[in-house]
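Chemist: Pasting a structure here, questions to come.
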Amino acid sequence: MPVESGNSAAARQAKQKRKSHSLSIRRTNSTEQERPGIHRDMLEGQDSKLPLPLRNNLLDLFGQIEREFENLYIENLELRREIDSLNERLAGEGQTIDGGDLSKGALKTKASHSTSQLSQKLKTTYKASTSKIVSSFKATTSRAVCQLVKEYVGHRDGIWDLSITRIQPLVLGTASADHSAMLWSIETGKCLLKYAGHAGSVNSIKFHPTEQMALTASGDQTAHIWRYMVQLPPPQPPADISASLDDDVDFSDKDEADGEVDGPSECPTIRVATTTLKSHQGVVIAADWLVGGKQVVTASWDRAANLYDVETSELVHTLTGHDQELTHCCTHPTQRLVVTSSRDTTFRLWDFRDPSIHSVNVFQGHTDTVTSAVFTVGDNVVSGSDDRTVKVWDLKNMRSPIATIRTDSAVNRISVSANQRIIALPHDNRQVRLFDMTGVRLARLPRSNRQGHRRMVCCCVWNEENQACNLFTCGFDRQAIGWNINIPALLQEK
């Protein structure tokens with residue numbers, strides 16, 4: 001087999017370099033209409049781990065920067081031509097007045113002054129243009145202020161769900177894979193009550209809108225309704241726990257002790273439910289109260305959702321139609337509407353406003369399991385999925401989403417702030433991110449210096465009644481965390 005000589009190999013490398021250089025020149029001198037196509041062709045030929053939408057977005061941004069500097073370069077050339085023309089004119093005037101050259105007397109001073117003015121004008125132009133570019137980047141990187149306030153530690157296994165009571169006293173409820181649900185003092189982090197009536201993992205917890213009752217769903221194929229009475233301990237001075245959003249010091253799961261976490265101090269325990277709802281043939285993954293609190297809906301791995309009467313415990317309706325296991329259910333805060341999500345990549349909207357008609361609408365907007373779909377105070381539904389997207393829908397026209405948020409990890413049970421309309425996204429990769437309803441990213445919760453979650457974040461819930469601790473998250477690191485989120489007014493307007 002012939003072997004390529006060293007001289008020929010060097011010549012071939014030089015030819016490839018010249019070819020690459022010529023391609024670079026052609027790309028720089030191409031028209032704006034041709035440039036996007038060439039960029040995409042070059043990107044497709046490169047080996048990159050970045051998702052294509054993100055690469056295209058970066059390409060557009062750098063293209064805008066390139067066009068700005070091209071404009072500045074053209075302005076620079078025009079200004080230099082003006083300088084040369086002025087110098088020529090001044091030289092002609094100097095010959096007429098003094099008969100000398102530009103290095104003498106008033107003519108030199110005049111030329112120097114005019115050149116200085118043009119130079120200052122050029123600097124001002126450059127400064128204004130570059131400031132415009134930099135300010136545009138600052139607008140997109142503004143961050144909310146997020147501060148860790150309190151940690152709630154006591155469960156012996158991962159926490160699947162959490163909720164805030166709707167009436168006083170305000171307490172935090174958590175549902176855990178350790179077969180228990182707990183109620184916590186928000187201010188002190190102390191466990192106030194433990195419910196141990198389930199024989200399986202507690203997958204969901206929701207509080208009655210007007211009474212001291214809780215609804216829990218479990219892997220033992222049942223949902224329980226139980227009453228609680230708690231007395232809040234005296235408040236304690238808050239600890240000064242803060243973290244910067246810019247810190248991104250990661251740590252391994254090995255830092256977490258593998259042994260059992262010490263349980264909370266002695267607290268009252270309830271072991272018997274007031275009402276037991278049992279009509280499912282599989283794990284009950286979620287449950288929620290309908291508006292008014294007289295009926296509840298449950299979602300199960302048996303591919304059905306059930307509607308129950310609270311007073312009689314009777315099954316009112318069985319909602320069937322999903323092709324695979326259900327993952328979540330949610331009720332509208334003011335209307336008799338229910339949304340169920342499933343592993344079949346769809347979510348369904350069930351309408352019970354007319355007693356004689358129970359309509360259902362199927363929405364296919366995701367490509368993987370829909371992990372949750374929730375109503376907002378307005379006419380919107382927000383859905384999250386394992387396909388790493390979150391979609392915002394308009395109830396009046398749900399043919400296509402009005403906004404799509406793309407992330408780098410699967411999204412679990414989301415929560416939308418009623419007052420500020422901010423979406424909190426818990427991720428499999430231990431991150432929690434905040435977006436507005438238009439899809440603009442506002443912040444990422446800190447996860448550094450051993451603050452934040454160390455494993456998958458399962459759920460988020462907003463607390464509109466407490467500004468000091470207005471967002472809660474829970475995860476499979478066996479803890480719930482309370483956060484203070486301060487969103488600047490400028491970001492809210494955006």
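Positions of Cβ are set from backbone N, Cα and C atoms, glycine also.
Note that the structure is a prediction, hence the values are computed from the model and not measured.
I grabbed these lines from TrEMBL:
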- 1-39: region 'Disordered' (REGION)
- 22-31: compositional bias 'Polar residues' (COMPBIAS)
- 195-226: repeat 'WD' (REPEAT)
- 237-264: region 'Disordered' (REGION)
- 245-263: compositional bias 'Acidic residues' (COMPBIAS)
- 277-318: repeat 'WD' (REPEAT)
- 319-360: repeat 'WD' (REPEAT)
- 363-403: repeat 'WD' (REPEAT)
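I'd like these features described in context: how deep, what's nearby, how far apart.
Modeler: Counting only same-chain residues 6+ beyond the ends of the repeat 'WD' (195-226), those with a CB under 8 A from a CB of the stretch are 157, 160-167, 173-183, 269-278, 280-289, 291-293, 296, 298-300, 308, 310.
Across the repeat 'WD' (277-318), the model assigns an average pLDDT of 96.
Only residues 6 or more beyond the boundaries of the repeat 'WD' (319-360), in the same chain, are considered here, and those with a CB under 8 A from a CB of the stretch are 282, 285-291, 297-307, 366-375, 377, 381, 383, 385, 387, 395, 398, 413, 418.
Counting same-chain residues at least six beyond the ends of the repeat 'WD' (363-403), those with a Cβ under 8 angstroms from any Cβ of the stretch are 327-328, 330-333, 337, 339-343, 345-349, 409-416, 418, 421, 423, 425, 435, 437-439.
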Chemist: Across the repeat 'WD' (195-226), what are the DSSP residue counts per state (helix, strand, coil)?
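Modeler: Breakdown, helix to coil: 0 helix, 17 strand, 15 coil.
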